[in-house]
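This report concerns only the one structure given below.
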Amino acid sequence: MEGGSSSSNGTSYLLAFGENNSGGLCPMTMMPLVTSHHAGHHPINPSNNNNVNTNCLFIPNCSNSTGTPSIMLHNNHNNNKTDDDDNNNNTGLGYYFMESDHHHHHHGNNNNNGSSSSSSSSAVKAKIMAHPHYHRLLAAYVNCQKVGAPPEVVARLEEACASAATMAGGDAAAGSSCIGEDPALDQFMEAYCEMLTKYEQELSKPLKEAMLFLQRIECQFKNLTISSSDFASNEGGDRNGSSEEDVDLHNMIDPQAEDRDLKGQLLRKYSGYLGSLKQEFMKKRKKGKLPKEARQQLLEWWNRHYKWPYPSESQKLALAESTGLDQKQINNWFINQRKRHWKPSEDMQFVVMDPSHPHYYMDNVLGNPFPMDLSHPML
């Protein structure tokens with residue numbers, strides 16, 4: 001892979017991880033340099049019409065034979081410039097790193113370009129590796145490469161970064177610098193560290209959003225797989241709710257557990273609450289939406305006592321116990337049923353008004369002296 005600026009007055013840097021023939025990782029990141037007016041008074045020899053790659057920076061430069069991954073900072077600068085172009089355009093920040101070469105371009109010839117470029121690259125490489133922000137720059141670049149990478153690739157990146165930092169620290173220990181000695185180099189390191197940090201943030205943002213979206217979808221699919229049988233198997237014997245004191249260590253939620261185990265732990269811990277909520281929900285059902293079994297029992301009683309469908313209080317208690325309903329629901333059901341489906345006959349209307357039949361009075365609590373399963377001969 002290669003990169004660089006195709007214009008005559010542009011300077012760009014190419015960051016690469018690993019050597020192509022060393023088995024390392026080789027993603028490339030192309031970034032423009034921040035412009036600076038430093039060293040703008042050094043023109044390049046107009047007689048040199050060849051494009052010369054004046055600066056190759058390796059951070060650090062590991063030999064290919066070792067197979068150790070390395071990080072390379074490559075500056076491809078086009079030197080095909082005239083005196084007018086050099087006077088009319090600002091010089092890029094990377095131009096500072098060729099300052100030691102410019103005198104060779106003024107007074108040398110093409111045979112000296114290779115050696116001067118090599119010496120300049122070594123000098124700039126040493127300056128960058130000795131700068132206090134070098135480890136920050138190295139870590140920022142590796143963090144960009146780690147975004148979205150699988151775990152094994154992340155491990156290799158961290159290993160290579162640590163190896164490169166250790167090697168660079170050993171090579172630059174003798175010539176370490178401090179902030180303020182070289183303002184242009186300080187600006188270069190600060191600008192690229194900030195640029196790489198922002199680049200990592202921009203890369204991470206869509207990845208995090210995608211991961212959150214997938215987690216929500218996965219959670220929704222898991223909720224759909226919970227069947228009613230799972231709740232029924234965990235409701236028995238614990239309908240009155242569970243307290244935190246009743247939960248032992250075995251029922252504590254383990255965040256590292258598998259999805260299936262986590263589902264079982266949640267059901268065991270909160271089955272009592274779920275049972276209570278289900279009972280409360282059943283009580284708050286809409287009127288007329290009684291359970292099918294309860295309505296069937298009420299209809300059977302209605303058919304047996306159709307001539308006088310007014311259950312006594314004891315019969316209402318018996319119906320409430322057998323159907324699981326409360327007396328208010330039973331009263332409402334009988335009231336609605338009589339309004340819609342029952343009209344007393346003329347004989348029954350006369351009997352209601354006859355004092356000789358007190359057990360048919362609607363307001364008489366003890367009106368029906370017979371058990372629930374027996375009927376009066378007149379009924």
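For all residues, glycine too, the Cβ spot is worked out from N, Cα and C.
Positions annotated as region 'Disordered' by Swiss-Prot: 75-125. Annotated compositional bias 'Low complexity' per Swiss-Prot: 109-122, in sequence order. For 261-281, the entry in Swiss-Prot reads domain 'ELK'. What Swiss-Prot lists as DNA-binding region is 282-345.
When averaged over the DNA-binding region (282-345), pLDDT in the model lands at 86. Helix, strand and coil residue tallies for the domain 'ELK' (261-281), in that order: 21 helix, 0 strand, 0 coil [DSSP].
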